[in-house]
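Colleague: Relevant sequence annotations retrieved from TrEMBL are reproduced here:
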- Asp34: active site (ACT_SITE)
- Asn82: active site, proton acceptor (ACT_SITE)
- Asp34, Glu221: Mg(2+) binding site (BINDING)
- 35-39, Arg47, His51, 79-81, Trp83, Arg85, Arg202, 208-210: substrate binding site (BINDING)
- 8-22: compositional bias 'Polar residues' (COMPBIAS)
- 1-24: region 'Disordered' (REGION)
Amino acid sequence: MIKRVRSWLNQENSQQTHQLSPDNIPEHVAIIMDGNGRWAKRRGMPRIVGHQNGMKAVKRTAIAANDLGIKVLTMYAFSTENWTRPKDEVDFLMKLPQEFLAIELEELIEKNVQVRMMGHPEDLPSHTLSAMEEAVAKTAGNNGLILNFALNYGSRKEITESVKTLGQEVRDGILRPEDITEELISQRLLTGELPDPDLLIRTSGELRLSNFMLWQLAYSELWFTDVYWPEFTKDHLVEAIANYQQRTRRYGGLS
Ligand code: FPP
């Protein structure tokens with residue numbers, strides 16, 4: 001894999017790409033894709049045009065992540081709070097996964113990508129859920145990039161549900177309270193066996209987590225950019241990773 005990444009890096013002309021060390025590519029990158037609405041508004045267009053262009057950035061970024069040898073890319077596509085937006089916008093956002101997959105699934109399969117979904121499926125419209133489930137099933141045998149869509153995802157709800165599950169297991173006598181460890185809590189979250197994100201990217205200049213992966217981001221490196229999500233390109237991903245590679249991760253210890 002390192003050899004493949006090295007050869008891809010060599011083909012790239014951007015100065016920044018050359019600066020990347022193929023031995024220190026983050027295993028899991030999580031992205032809060034923000035700024036679709038502002039991007040559209042700035043151009044005098046309706047917000048949904050921003051989301052439509054945001055979908056193109058999803059494709060660019062997934063392909064770039066795959067080429068770079070990132071193992072997991074988690075993308076915050078719809079939060080448990082986004083239902084409060086106007087119905088037209090919610091309906092549009094709920095159609096995007098099936099549109100995206102209708103256009104891109106073939107190429108994702110070819111590139112060995114595994115599509116996953118992380119969120120609460122019960123509230124999703126059936127057309128959204130069935131498109132996602134089909135993509136997950138069709139790519140389940142692949143072993144390349146895990147492209148993990150956070151869809152109807154909210155971290156506090158996720159943590160609450162995992163606490164309920166553990167409580168039930170204690171009540172059923174499967175677990176004792178003293179058996180509950182950080183690892184066990186991690187396993188009961190929607191990320192399951194996935195590694196915690198090494199790097200979190202948020203676009204559009206907002207500096208907050210917005211109920212995204214609150215447990216899993218405990219020791220992640222954070223990178224914020226003013227760029228609106230529809231403008232995000234491979235170069236921005238490379239810039240974020242170059243910045244990540246300059247950090248010393250201490251996990252509360254000393255370097
Ligand atoms: C935040 O920008 C973005 C969203 C709530 C939706 C993100 C969705 C996509 C990028 C497309 C998803 C595509 C697939 C394939 C699932 P915002 O609308 O809050 O922007 P604003 O802060 O400028 O208003």
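Backbone N, Cα and C atoms are what each Cβ position is placed from, and that goes for glycine too.
Predicted automatically and left uncurated, TrEMBL annotations should be read as such.
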Colleague: Identify which of the following recorded positions, namely Asp34, Thr80, Trp83, Glu221, place a Cβ less than 6 Å away from any atom of ligand 1, and list them by sequence position.
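Modeller: List returned for ligand 1: Asp34.
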Colleague: Rounded to a whole number, how many Å is the Cα of Gly35 (substrate binding site) away from the Cα of Glu221 (Mg(2+) binding site)?
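Modeller: Distance between the two Cα atoms comes out at 21 Å.
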Colleague: Relative to the Cα of Asp34 (active site), which of the binding-site residues Thr80, Trp83, Arg202, Leu209, Glu221 have a Cα no more than 10 Å away?
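Modeller: Cα within 10 Å of Asp34 (active site): Arg202.
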Colleague: What does DSSP say about Asp34 (active site): helix, strand or coil?
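Modeller: Coil, per DSSP.
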Colleague: How long is the line from the C-alpha of Thr80 (substrate binding site) to the C-alpha of Glu221 (Mg(2+) binding site), rounded to the nearest angstrom?
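Modeller: That separation, Cα to Cα, works out to 24 Å.
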Colleague: Between Trp83 (substrate binding site) and Glu221 (Mg(2+) binding site), how far is it from one CA atom to the other, in Å?
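Modeller: Between the alpha carbons of Trp83 (substrate binding site) and Glu221 (Mg(2+) binding site) there are 29 Å.
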Colleague: Out of these binding-site residues, Gly35, Gly37, which one has the fewest other C-beta atoms within 10 Å of its own C-beta?
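Modeller: Selected from the binding-site residues Gly35, Gly37 on minimum Cβ neighbours within 10 Å: Gly37.
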Colleague: Check the binding-site residues Trp39, Trp83 for other C-beta atoms within 10 angstroms of each C-beta and report the one with the most.
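Modeller: Result of the Cβ crowding comparison: Trp39.
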Colleague: Taking Cα atoms as reference points, which of the recorded positions Gly37, Trp39, His51, Asn82, Leu209 is nearest to Glu221 (Mg(2+) binding site)?
Modeller: Leu209
Colleague: I want to check the contact list for His51 (substrate binding site): same chain, sequence separation of six or more, C-beta distance under 8 angstroms. What comes out?
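Modeller: Expected: Asn36, Glu89, Phe92, Leu93, Leu96.
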